[in-house]
Structure formats: structure tokens, C-alpha cells
Amino acid sequence: MSNTILQHLPIGQKVGIAFSGGLDTSAALLWMRQKGAVPYAYTANLGQPDEEDYNAIPRKAMEYGAEKARLIDCRNQLAHEGIAAIQCGAFHISTGGVTYFNTTPLGRAVTGTMLVSAMKEDDVNIWGDGSTFKGNDIERFYRYGLLTNPSLRIYKPWLDNQFIDELGGRQEMSEFLIANGFDYKMSVEKAYSTDSNMLGATHEAKDLEYLNSGIRIVKPIMGVAFWRDDVTVKAEEVTVGFEDGVPVTLNGQSFSSAVELFLEANRIGGRHGLGMSDQIENRIIEAKSRGIYEAPGMALLHIAYERLVTAIHNEDTIEQYRINGLRLGRLLYQGRWFDPQALMLRETAQRWVARAVTGEVTLELRRGNDYSILNTVSPNMTYHPERLSMEKVENAPFDPSDRIGQLTMRNLDITDTRDKLGIYTHTGLLTVGKDSMLPQLDKK
């Protein structure tokens, strides 16, 4: 049995808890204090769009018995990692061309490292959070926590049978808080659960576990319900500017920080419901789950970035960018964003792809993921329409005789290909004739 994971409350020891202020972590913190642990509460400010007062959360933790409560501002680091993911195309999950932008994995990478770093400052070497044993987060936090503090031990109340026996459900936790003098009112149960940060929101579980229930039951927190006929969405033009792979302007406006740029990108994209998607994905443990996602700012920046990538880079570079992006997206999803194999892929894309991406892209946003690209401008473009113009041009880069020569050279590999197909036919791997897929390859 692992010595890293504690299955019973460590009495008399400091225990750090990732504290959200919700029912679960509030009850857990009070319970740990009453049972003899010394709880320290750490709250990550990730720019959650559904959080109204971050400063109230540490105060609440102190009321529930925290020895110390700290609010850790993680927004700058989250914005930095979000831009890195866009630069690398680190997104491996998509359906019908609509992308999930790995916003929860990005949030976990930042939370897992920054909260554990804060705990080290307070000499807290035991960490607990609210992730369950069936999900991805339990492994992501485990990896990031131990990367940051190799002496870290893990205690999760939700893996402690005593906690589960005493406070196994939301009703029991609510009654526990009320019995201890806290006027806690359970929030109205939604048909799904929501987790969010500045980059995006995840809606999953409960009714959304059933595939006959979909986006129409979701109330967006970062944008509009674009699928509803009573929601008015007006078309809007927006221009996104990049310098050396970094988004720097929206409609010509510069921003004091990447955080402010993301917030404005969220507002613009959110007015249209841009970046919402419904995905079936494979969790780390290879079981499938379903989520409905929002990421209006990430989607806006990603579309503009990829337009510039295709205008600037050659085909082989774009191919490597896409292949490596799929691999890197999966590593990010698995909680390996800071592993050597991920850093290698990140460095490749950020150095050799992103650094050349300078320019502006103008889009018209409509409803949901419906948009058009109106203009693309870059000093680094290798797109030159005169090279392939259907009109007669002066000083053309090549003429018909050049193309005849190029096509003649193709005879070499065409002949080789025909010979190989003949070998496959002779061995029975292929058949030729009227009803075959290669009816014209018989010897004539």
C-alpha cells in the first residue's frame, strides 16, 4: 500500500485543502478540524466566471476552522499556459471539427503547482482536494503535486471511509454544518455539475451522462444560449492581432496583461456562444465520459492563430504542428503538461511555429461556431496570389514548359507505382477488372 496516500485523517498534523467555499470542502474542513487535524485552506483565483467574491472565500474558511486561509492569484499563470496551448495547438479532442480546448486540464496544471508551492511556504506537506477516484483530476493533482513537492502526502476525505460513513452525501454535509451553527443552505440542484476557470467551463455528470440529454439543458456561464430562438445574436466583426505568436490586440486595442486580453476575448466570443462543444472523450483510465464545454476566448484566439499559421508556414511544418499538437493535447489531458516529453513538443512549436506568427485576422462571428474569415494580413505570409493567378501576369514565376518538365518527372514514380500494383495483383492482394476498385490496371 502506498505511503504517499493517507487513508485516515492525520491527527495533529497540518493538512492543506484546496478550498472552494462550496458544500463539500466546507464540510470537510470543519470535519477535519473537529477530528483533530490542523487544516490550512488554499483557494485558487482562476478567474472563474461564476465566482462573485473571491475574498470572501478565505474568510469563510477561517469561520469553518482553518488555521490559515490564503487566496492564491493564479490568473497570470493560467493565461500564460492558455497562450502556450494555442501556440502549440495542444488540443486532441474534437467532434465534427469542433474543438475542446483542454481548459480544465490547463486549470489543473496551474492549480496543482501553485497551491502546492503555497503550501510549501507554510510547511504544509499533506494535501487534500475534492476530486473523486473515478475522474481525471485525482491523477492530475497527484502528478502536479508530487512534481512540485516530492515530500507531499495525499489525504482526501472522499477516500476516507470514516468521512464517507459520517458525511457521505450532500444532505448529511448540509445537516452537519447547520448542527454546528452555520446557516448553510444547499444550492438548488442543477441537472449537471459545472467547473470553470478564466479559459473555459465544463458541464458534465448527472443528466448529461445520458446522451439523449444535450446542450439544450445547459445554461451557459460564459456566453449565450445561441440555440434558442428567443436569444438575439447580432453578427459582429472582430480583428485579432498577434506578434511573435502572442495575441496582443483585439479590434486594435492593446491590453495591460494577458488576463485582460482573455477577459475581453471571452466577452466578444461569449456574445455569440463561440467555442461551445459537446464531446465524448476517453478519460485517463480509458473509460468514456461526456462533457459540454465553453471556451469563447480560446476559440476566438485559436481560429485567428491557425489562420495565420496556414498563411505563413509550409505544408510539412503545418503537418508537424498538427501531429505534435494532438500528442501534446493528450499529454496535457493526462496531467503531463510539465513532463519532459511535453516540454520538448512545446518548445518545438513555440520556437519554430509561433515565433513567425505575426499579423491580424478579421472574422465575422454569428451564432455559435458559425463564423467567416474576412481578412488576413501578415508581413510573414508565404501566400502570394500572383504565383497561381488564373489571369495573365507579368514576370510569372513559372510557365507551361516548366510544368511540362515537372509532370514528366512524375513518370518515374507513376511507373513504379503501377509496377507495385501489378505485384499486389499477382499475389492476390488486389483484383482488376470491371467490378474491382482498380478496373483499368489490367495489362493492355
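Heads up, the Cβ atoms here are built off N, Cα and C, so glycines get one too.
When the candidates Ala44, Ala109, Ala118, Ala179 are compared with the ATP site entry in Swiss-Prot, which names Ala18, Phe19, Ser20, Gly21, Gly22, Leu23, Asp24, Thr25, Ser26, Gly130, Thr132, Asp137, Asp195, the shared residue is Ala44. In this structure the residues listed as binding ATP are Ala18, Phe19, Ser20, Gly21, Gly22, Leu23, Asp24, Thr25, Ser26, Ala44, Gly130, Thr132, Asp137, Asp195; their two most distant Cα atoms lie 19 Å apart. Geometry remark: Ser20 (ATP binding site) versus Thr202 (L-citrulline binding site), CA distance 16 Å. Apart from Thr132, Asn136, Asp137, the L-aspartate site neighbourhood in this chain, defined by C-beta within 8 angstroms of the site C-beta centre, holds Ser131, Phe133, Lys134, Gly135, Ile138, Glu139, Arg140, Phe141. Taking the Cα of Thr202 (L-citrulline binding site) as the reference point, the closest of the binding-site residues Ala18, Ser26, Gly130 is Gly130. Pairwise Cα distances among Tyr100, Asn136, Arg140, Ser193, Thr202, Glu204, Glu281, the recorded L-citrulline-binding residues, top out at 19 Å. Of the listed binding-site residues, namely Ser20, Ser193, Thr202, the sparsest Cβ surroundings within 10 Å are found at Ser193.
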